[in-house]
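Record features (TrEMBL):
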- A:R202, A:227-228, A:241-245, A:258-265, A:N279: FAD binding site (BINDING)
- A:3-182: domain 'Electron transfer flavoprotein alpha/beta-subunit N-terminal' (DOMAIN)
Amino acid sequence: MTILVIAEHDGKVLAPATLNTVAAAAKIGGDIHVLVAGQGIGAIAEAAAKIAGVAKVLVADNAAYAHQLPENVAPLVAELGAGYSHILAAATSNGKNILPRVAAQLDVDQISEIVSVESADTFKRPIYAGNAIATVQSTAPIKVITVRATGFDPVAADGGSASVEAVGAVHDAGTSSFVGEELAKSDRPELTAAKIVVSGGRGMQNGDNFKHLYALADKLGAAVGASRAAVDAGFVPNDMQVGQTGKIVAPQLYIAVGISGAIQHLAGMKDSKVIVAINKDEEAPIFQVADYGLVADLFEAVPELEKLV
Amino acid sequence: MKVLVAVKRVVDYNVKVRVKADNSGVDLANVKMSMNPFCEIAVEEAVRLKEKGVATEIIVVSIGPTTAQEQLRTALALGADRAILVESAEDLTSLAVAKLLKAVMDKEQPQLVILGKQAIDSDNNQTGQMLAALTGYGQGTFASKVEVAGDKVAVTREVDGGAQTVSLSLPAIITTDLRLNEPRYASLPNIMKAKKKPLEVLTPEALGVSTASTNKTLKVEAPAARSAGIKVKSVAELVEKLKNEAKVI
């Protein structure tokens, strides 16, 4: 068995989710190869070669793969992947965008967002917003899988010494082009990788009040997230959304402030180790999953909490 | 321009689902079913394209049981012109659905296909991308903005770090994110009118599509329950517990 892992990157650095995906590959067992596709990605390939447990890094460096447009990258992965037993990618927006296109090209069903490896062909994944866990077996000759990063502890980012091999194949479908991007700027840790996450909901009342959460987060070295209600109300940008339709997090500590705890939100955070809820409504469903609940006005509790930690 | 919209009948998003005692699946008997929320957004976007004069005809298609006709009627009441049901009693995988949608596309030749980004039951997030692969068309997934200009469509996509805009040649496949629009409600007169709009029923056999799958669900379990927590009385007590009991700060 040889497993192909698609490296997750933004064109500049290798994303930590790659390490979790390699961890899932290691659980399956077999040689692990990593594909880095993009343009001007030498440094990313070097970083990939250092990942513990990786045997080979394939580098497809071409203008056609810049911004990882799926119309061009999927045919590359399908062509290379034909020789592998498994193709894995992180369940990030890139992985979700590209991998189903690969699966269809290979004419196999995909398994999305696995949280555990039972055997080389059997995996567990959440369905119905995490309200049920399905055990799925694949009989496909090539198993195409996206990995939920929070389901696997990352492997070490160094210690490996994989060989690096250039891939010459160029696929340019010519059906799509990159126009531009607008990335949210943040100095805080990345939401999906943070050890502590502080999230605000509709109870924050406006975007300005999120400053209380930022102050607390900075003191804790935490990332700041939000519920869909807070995003829809325009308090904060969409990439801060935690939930079924946003990001899935599983930090050591999740502090939910002014969040009622709808099932779509819980789907994104209920695997956190410790959950704290601060809400003035003691009937709020969030208290049913919280390890520590505090019924209080958040505008008093959050500044006090910031002082005490 | 002809627009094809795919909709799925799913358990209503407000329902707290229960796993069956024999672990064969989720209990859907006597549970409220609705149109998948992302599909509602797809229908709304198609209707807005028609209102702008970009789309000339909206065809809504669903693949599923006979009862999925209810969701097709809903889409017709929201502004779709006609509906197609590909009737199948089995639980189909995303790949099988994509193959059936491709067969419907071959018949109808739409310029734009809009789907939701994921169904809230299987949470797969695959069908749109697979349909794009099977047709060879460009894909604009997780769309938060769609602008058709000439033979191109500019799609702003929600990505992990923010937003990305791509330009796709038509025909193209788009999947909707929550931010794309706010779906309208169907008015009573429109619900009545929708009953008279055409609804064609097809089968996978008639379309010549095999729905065989390489995935098999062995069992479905309830997730591990979290043990009940405690309510603290003050912020000071909370900090003390986090430091000394949970040891997370």
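Along the chain as shown, residues are numbered 1 onward.
Just so it is clear, glycine is given a Cβ too, placed from its N, Cα and C backbone atoms.
Note that the coordinates shown come from a computational prediction; the quantities given were computed from them, not determined experimentally.
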* To do: Please name the residue among the binding-site residues A:Q241, A:Q244 whose C-beta has the most neighbouring C-beta atoms within 10 angstroms.
  => A:Q241
* Structure fact -> Around the Cβ of A:A262 (FAD binding site), other Cβ atoms within 10 Å, all chains included, total 20
* Structure fact -> Residues among the binding-site residues A:R202, A:Q244, A:A262, A:H265 lying close to chain B by Cβ (under 8 Å) are A:Q244
* If one looks at the chain holding A:R202 (FAD binding site), which residues at least 6 apart in sequence have a CB under 8 angstroms from its CB? -> A:S227, A:A229, A:A230, A:A233, A:G258, A:I259, A:S260
* Asked: What three-state secondary structure does DSSP assign to A:Q241 (FAD binding site)?
  -> strand
* Among all the protein chains here, how many other CB atoms are within 10 A of the CB of A:I259 (FAD binding site)? -> 32
* Structure fact -> The correct three-state DSSP answer for A:R202 (FAD binding site) is helix
* Asked: Where does A:I259 (FAD binding site) sit in the DSSP three-state scheme?
  -> coil
* To do: Inside 10 Å of the Cβ of A:H265 (FAD binding site), count up the other Cβ atoms and send me the figure.
  => 28
* **Average pLDDT across the domain 'Electron transfer flavoprotein alpha/beta-subunit N-terminal' (A:3-182), rounded to a whole number** => 97
